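I have placed the structure first, in the form of structure tokens, so that the comments after it can refer back to it.
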């Protein structure tokens, strides 16, 4: 191969890599409770098939699911049979294993179809903590009027009674952190929101907005 052709090929490859990097999916970190509250649909399901739908410039991947349980969204879709995502991960499309795991899947409904992606909360069911499973079942719903306020650097404070200060980004270098895995932000009788950790009947603990 001539040197000029080699150089041209290398430049083309570099441009492609730069384009992919600049076009990569970018998502803000989100507490599972926020993901639950801001989603139209929350289900536990097993992926049983997939098909590439050529209905756009990047393509849409349609997963066929076996729904195990619906936690939110009965008024939107009574039973989910398909979920849709971008085929490209650079467009925040999500890759799920077929006939292997049960997943917790959150997403939004558009034209009667459930769409999800890397910026939605998707996790294998067995990897969720007991507190997260209880949150999905009922606790997160109790806190949808609360605001989980991220703290990225000190100092940071709550500024209203409906806020819980989320400090995972400070105490744990990366997501998910301790609050994400074990706490829900729940509205109390007085109208204030505070972190709540539910454990055994003898060890239920309610903490203030700055703890943990």
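Note: Cβ is positioned from N, Cα and C throughout, glycine not excepted.
These features come from TrEMBL:
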type	residues	note
BINDING	25	Zn(2+) binding site
DISULFID	25-92	disulfide bond
DISULFID	27-119	disulfide bond
DISULFID	37-144	disulfide bond
DISULFID	146-193	disulfide bond
DISULFID	151-156	disulfide bond
DISULFID	164-185	disulfide bond
DOMAIN	25-144	domain 'NTR'
SIGNAL	1-24	signal peptide
Tally of DSSP helical, extended and coil residues in the domain 'NTR' (25-144): 25 helix, 46 strand, 49 coil
Number of Cβ atoms other than its own within 10 Å, given for residue 156 (disulfide bond): 16
Cα distance (Å, whole number) from residue 193 (disulfide bond) to residue 185 (disulfide bond): 6
Spatially closest candidate among 37, 151, 193, the listed disulfide-bonded residues, to residue 164 (disulfide bond) (Cα to Cα): 193
Under 8 Å by Cβ from the residue listed as 'Zn(2+) binding site', counting only residues of that chain that are 6 or more apart: 89, 90, 91, 92, 117, 118, 119
Segment confidence, the domain 'NTR' (25-144), expressed as mean pLDDT: 94
Using Cα positions only, nearest of the disulfide-bonded residues to residue 27 (disulfide bond) (37, 144, 193): 37
Least Cβ-crowded entry, counting other Cβ within 10 Å, from the disulfide-bonded residues listed as 119, 146, 164: 119
When distances run from the Cα of residue 144 (disulfide bond) to each of the disulfide-bonded residues 151, 156, 193, the nearest one: 193
